[in-house]
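Lifted from TrEMBL, the feature list:
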type	residues	note
BINDING	Thr282	Ca(2+) binding site
DISULFID	Cys97-Cys140	disulfide bond
Amino acid sequence: DHLAVECSPHSGEFSGENIRLGSRGDSYYEYLIKVWLQLRDTQDGNFTYLHDMYEEAMRGVKHMLVQKSIPSELVFVGELPVGPKGYLSPKMDHLVCFLPGTLALGATKGLTKEKAMKDNLLTFEDLENLKLAEDLTKTCFEMYSVTSTGLAPEIAYFHTKDYFESGLDGGNKSSEYVNDIIIKHADRHNLLRPETVESLFVLYRITQDPKYREWGWHIFESFEKYTKVESGGYSSLDDVTTVPPPKRDKMETFFLGETLKYLYLLFGDSSVIPLDKFVFNTEAHPLPIKSS
């Protein structure tokens, strides 16, 4: 199963054993499908190998990394710290929340699900990937709503048959998933990251299900309530499980460049930057899809 681990920039060889879709691995998978989408209709070159590599990688993800939490069966993507023959760590970086958007895009190629179904364009594998995209988007949203502030931590762990720690819930005791998601003390910060709202935007465009806008609005309201700074701007938080959360006096550039851009596009008209005419790079810059 071809899941990437880190590569050495000097030798091109894999370095380390850890297999994950969080930091240092994420953009690789995203670009397999996006570069193919951008170039597949051009005349000068055969890019099907990229699509093949993407599908192979996603088969590996489904086979090796996807699991469900206890007791409420949230679908999550874990890590293999010592490689494919070792144990699965039920750890999911917020960064991994880019994946549902990428899976949905890979399935319908940016068309709405309705149009892709009507034109009979979806393979069984596409439908499977789209279902996984929807399940993971829900998990990513619950990583927000399980906390006291309604904002996600940098890293979440999931309660499985092999792993549980009590006293480390997100603080929102009314959440159905309060016992599924475990948030360690070192991971409770929020850096205003875009990945979940990015996937909400893509899933809304593709499925046209209004729940993705509702979830996005909850997240936006939480950013407004807890991260806005009176003198202007927004701030990263130290602990999303505490109200009021301590602020960090730092606003990452991707909050404006990506997080708010994807929220704007989520609530705007779907004819603005249509997903069958543009691909977004990993920094949310829209690039036109090249035609022959």
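Quick reminder: no glycine exception, Cβ is built from N, Cα and C everywhere.
Rounded to a whole value, the Cα-Cα separation of the residue listed as 'Ca(2+) binding site' and Cys97 (disulfide bond) is 12 Å. Long-range C-beta contacts of Cys97 (disulfide bond), restricted to its own chain and to partners at least six residues apart, with a cutoff below 8 Å, comprise Leu136, Thr137, Cys140, Met143, Ala152, Glu195, Thr196, Glu198, Ser199. Counted within 10 Å of its Cβ, the other Cβ atoms near the residue listed as 'Ca(2+) binding site' come to 17, all protein chains included. Neighbour count (other Cβ atoms within 10 Å of the Cβ, all protein chains): 30 for Cys140 (disulfide bond).
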